[in-house]
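Feature annotation from TrEMBL assigns compositional bias 'Basic and acidic residues' to 1-17. The feature domain 'Oxidoreductase molybdopterin-binding' is assigned by TrEMBL to 35-180. Under the heading region 'Disordered', TrEMBL lists 1-36.
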Amino acid sequence: MTVRDVTDLHEEFDGERVPPGQRETSKFPVLSKSGTPNYDPDEYSLDVWGAVDDERSFSLDEFKAVDSETQRQDFHCVTGWSKLDCEFTGVTFPTLADLAGVHDDAVHVMFHALDGYTTNLPLEECMRDEVMLAWAFDGDDLPREHGGPLRVVTPHRYAYKGAKWVDGVEFLTEPERGYWEKRGYSNTANPWNEERYA
Ligand SMILES: Nc1nc2c(c(=O)[nH]1)N[C@H]1C(S)=C(S)[C@@H](COP(=O)(O)O)O[C@H]1N2
Ligand SMILES: [Mo]
């Protein structure tokens, strides 16, 4: 299996591999605002809507049939730990955007999740190959507490920008704020600038 290594991403941000104020951990801590939500695999769908040509709804099997890849990435939590060399398998955001046909006036994205979590990013920060909707971690199904069946990963931003249990991707023509962004976390979340809290 080919693994695309994107662990040199920090060079783009003129920073060290472990961003300032972060400590490397070999564990994979769990951070969830309200525990792991239940879901029915038969009912689950990933919905894509808003400023797109084709609003889409994928079952898990349908989504897993989309062109996917495996990447080696680092993971930076705003609370101060970084986990290096995570292997995530999934669909890149640009691939998903291509399937939906994003309108020219789309500028922002809101991710929605099964636990009521939301998080937002400018469209241009989503249109990077290392932003993935991932269903596998280190070769196995993504563990439920880490966002299985499907989560977003954002290695260029603190990990709260990556919704676990993602079930919706909404393309917006105006910026909006997600769950933590409304509650004092940085809207921009660049780990190499320590954009932690607003
Ligand atoms: N749906 C959802 N996604 C979420 C969260 C959450 O509470 N709900 N927590 C975020 C935060 S603050 C972090 S640091 C990462 C943690 O991912 P992990 O639990 O796999 O380490 O998920 C992010 N995505
Ligand atoms: Mo977090």
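Positions of Cβ are set from backbone N, Cα and C atoms, glycine also.
Not measured: the values here are computed from a predicted model.
Across the compositional bias 'Basic and acidic residues' (1-17), DSSP classifies residues as 5 helix, 3 strand, 9 coil. When DSSP labels each residue, the domain 'Oxidoreductase molybdopterin-binding' (35-180) comes out as 23 helix, 59 strand, 64 coil, counted as helix, strand and coil in that order.
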